[in-house]
Amino acid sequence: MASEQPIRVRIAPSPTGYLHLGTVRTALYNYLFAKKEKGAFVLRIEDTDQSRSLPLYEQDILEGLQALGLTWDEGPDIGGSHGPYRQSERTKQYTERLQALVRGGKAYKCFCTKEQLDEERKGMIAAGLAPKYSGTCRNLTAEQVAQYEKDGKESVLRIKVPLDYEVEFSDLIRGKISINSSTIGDFIIAKDETSPLYNFAVVVDDADMRISHVIRGEDHISNTPKQILIQQALGFPEVVYAHLPLILSPDRSKLSKRSLETAFIEYLKDGYLPEALLNFIVLLGWHPEGDEELLTLEEMIQRFSIKRVQKAGAVFNMEKLDWFNAQYIRRLSEQELVKRMEGFVPEAWLARPEVLTKALIIERERIQKLSDFRENAGFFFEIGEYETDLLRWQDMPLEKVALHMRHVRELVAAGKDGDIMPYAEQEGRGEVLWPLRVALSGLRNSPGPFEIMYVLGKNESLKRIDAAIQKIIDGQDHT
Ligand code: GLU
């Protein structure tokens, strides 16, 4: 039945905040499942809570998913044959269904006040029962309803839940789950006929959008029986559910709301590559067969299987993300790496592609994020001030330093860089290579002198060596 329908899945974010990691993982699993099964991936914006939803957040979510390459087949921006795809544009669809339920006696107006309900709840708890609505308004007559309305009493809509009924579903990840309707009670589905609550809107949307599989976070698992009850009341087809494990912090506590809600764009701005992020995120709850963990999106599609998603919480480990990112940075072609540096380095660096490319070849092994490069590589483009004393290897006299530098300078000028190493072996590696490296970088720590010369080229290298010699001659200030 359900499984014979065309495969259609959705990501249904609420635009009440920036895109975050949890939503990206849910989107990715849905996307992989859809691609693997040759189905459709739908984007729906759940903005029923108008007071907290902002267009700015919606835009951020769309852009973030796009930047990751998780493109959808139908959605609010591109339309599709089962829209509209924004809940705020679907009031007509909800109202029709709410009215149908009331007409059919499957939902009813409840006029109980907050005080009454609080009282009722306290009584149940005191009697050792799980609190639920007692059903006071379940069997009001039409006359009673009319009278209450005439009296101006406020109401909400509740669904009439069948009594003592087992709500069952078979979760693709968690297995069989069943709960008795009597523990749920008649719950609220709408404030009024034009204002559905979350559970009701989701069920209507999933049916209208012909969703076959609902793949979402475990935090929604308690909503599922309610959604099934609404589905059955409306006579909608069954949906297959798969609830993804929680994402935990490294000490296995629930990942703080803060880490979970870090705006996803921050990872991109920090210089994590989209492909590294996807690879890291796909492993938060799923693992391919075999040991290979580095996977392209295409490989993920080939290898993904919802059956291999784990039940246990998935640990979020920032060091692992850094490791993945470093791997991906190393695998980029030189050309591509240079392209990716846009936005991460000053314009002036981009204007010198030759130096930039060579600097990246040297530094790429040392960086974990694109943003690290800027911190490490400034000296290739412009040497900073340094103290003359830094040129000294241990307590070597500066005259001796100048002597070595002059010799090295001649070798470089004659294109005999290959003779520098034998010279250093003879005179002492530290004595020759330390001042050379400082002359080229102006830094206490940097890549080796030959690597730097490779990046700078002959002219700039000579310029810097000359400047170091001049510094010694001038007996320049020691500030
Ligand atoms: N709008 C819900 C959320 O942002 C998702 C609901 C669902 O997937 O059913 O978590």
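A Cβ is built for glycine as well, from the same backbone N, Cα and C atoms used for every other residue.
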Identify the motif ''KMSKS' region' range according to TrEMBL, selecting from 134-138, 224-228, 254-258, 459-463.
254-258
Motif ''HIGH' region' according to TrEMBL, located in which of 13-23, 90-100, 145-155, 442-452:
13-23
Should anything in the same chain at least six residues away from the motif ''HIGH' region' (13-23) have a Cβ under 8 Å from its Cβ atoms, list it; otherwise answer none.
45-47, 49, 52-55, 57-58, 60-61, 64-65, 217, 247, 259-265, 281, 316
Provide the three-state DSSP residue tally for the domain 'Aminoacyl-tRNA synthetase class I anticodon-binding' (343-469): helix first, then strand, then coil.
92 helix, 1 strand, 34 coil
Counting each residue once, how many in the motif ''HIGH' region' (13-23) are helix, strand and coil under DSSP?
3 helix, 0 strand, 8 coil
